[in-house]
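**Student:** Sharing a structure with you now.
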């Protein structure tokens, strides 16, 4: 059964940024939320779930990339994605906190996500590697264990919001919740602040992490390290670290998906008579047999010598394109010998030239 395009469901273009995707989702969620639709709630619930699913995919960079490349198959397990993707309304707490009020205190205290740009070479991208990175980030304060309070003192519940971290404001027919100004949304009041973190609950540090790079990554891929972002405020969850991959340009190979292309020069004699030619791979050098009469542009394929497929294992190929190198700086003797050789050749030695000039002659007649 055919499935609707996610971009069509949200009414957005394929190049829409994340901010506009969220905006479109909010607008549609307000319109089709079952609690706001009086008639045909069953249809409204179906429509709302469809909108939820579209937003869950398009708001996630990795899922969106898989969907853009493979369509619905990319997020249904056919292209290496996890099979049976589930969609729960609990994943939309931040947005519904904005629309209908609410949102957990723990969510408000969550640490920020971080990004680290990592440059690797083509061989590391092809075969996978593990690298160590050093990042500056906020870590939970060891002195106060993240409470922000001076050791030996206690953290008090905010009297304004009763520890909820939010206050409710009536706006017309709607009751809207907003972060409490008295405690900055934490639900707590500190009487004596920690001398180490000055009441923040976090301190700035440098942290070294080992990042496993899977074989087959390419520029634009990113790796998520859960909980390795900024520390949460006063018991809040830590954010995530996103490692953005950049693959350096190679001196010999040009990458196309999982295949590697290179151009291999061969001399005139080898092209005419045939012979062995040494060609590169990412690991070593190999010899290929060039048959007599090889023309420039002929492709030779070295199977499974390319890049590991990121999604389903196996490897691509190395494809060598031979290029006939015309000799230069010839001596007078060499030129004479070459001219004699040319004079000795007949039409049967140059079938493509004869065919071309024959067609050209008939064209002008």
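Keep in mind that glycine also has a Cβ here, set from the backbone N, Cα and C atoms.
Positions annotated as domain 'J' by Swiss-Prot: 5-71. Marked as zinc finger by Swiss-Prot: 128-206. Marked as repeat 'CXXCXGXG motif' by Swiss-Prot: 141-148, 158-165, 180-187, 194-201. Here Swiss-Prot flags 141, 144, 194, 197 as Zn(2+) 1 binding site, drawing on sequence analysis. The Zn(2+) 2 binding site annotation in Swiss-Prot covers 158, 161, 180, 183 and is backed by sequence analysis.
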**Student:** Is it possible to get the count of other C-beta atoms within 10 angstroms of the C-beta of residue 161 (Zn(2+) 2 binding site)?
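**Tutor:** Cβ-Cβ neighbours of residue 161 (Zn(2+) 2 binding site) within 10 Å number 23.
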**Student:** Six or more residues beyond either end and a Cβ under 8 Å away: which residues meet both conditions relative to the repeat 'CXXCXGXG motif' (158-165)?
**Tutor:** 105, 108-109, 179-183, 185-189
**Student:** For Zn(2+) 1, what surrounds 141, 144, 194, 197 with a Cβ no more than 8 Å from their Cβ centroid?
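**Tutor:** Going along the sequence, the neighbours come out as 142, 143, 145, 146, 147, 148, 149, 193, 195, 196, 198, 199, 200, 201, 202, 203.
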**Student:** Cα-Cα separation of residue 161 (Zn(2+) 2 binding site) and residue 141 (Zn(2+) 1 binding site), in Å?
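**Tutor:** So the Cα of residue 141 (Zn(2+) 1 binding site) lies 26 Å away from that of residue 161 (Zn(2+) 2 binding site).
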**Student:** According to DSSP, does residue 197 (Zn(2+) 1 binding site) fall in a helix, a strand, or coil?
**Tutor:** coil
**Student:** Report, as numbers and ranges, which residues of the same chain sit near the repeat 'CXXCXGXG motif' (180-187): CB under 8 Å and 6 or more residues beyond its ends.
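**Tutor:** The answer is 105, 108-109, 157-161, 163-167, 233-234.
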**Student:** Look up residue 158 (Zn(2+) 2 binding site) in the DSSP assignment and report helix, strand or coil.
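**Tutor:** The three-state answer is coil.
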**Student:** In the predicted model, what is the mean pLDDT computed over the repeat 'CXXCXGXG motif' (141-148)?
**Tutor:** 89
**Student:** Excluding 158, 161, 180, 183 themselves, which residues in that chain have a Cβ inside 8 Å of the centre of the Cβ atoms defining the Zn(2+) 2 site?
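**Tutor:** The answer, listed by sequence position, is 159, 160, 162, 163, 164, 165, 166, 167, 181, 182, 184, 185, 186, 187, 188, 189.
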**Student:** For residue 180 (Zn(2+) 2 binding site) and residue 141 (Zn(2+) 1 binding site), what Cα-Cα distance in Å is obtained after rounding to a whole number?
**Tutor:** 24
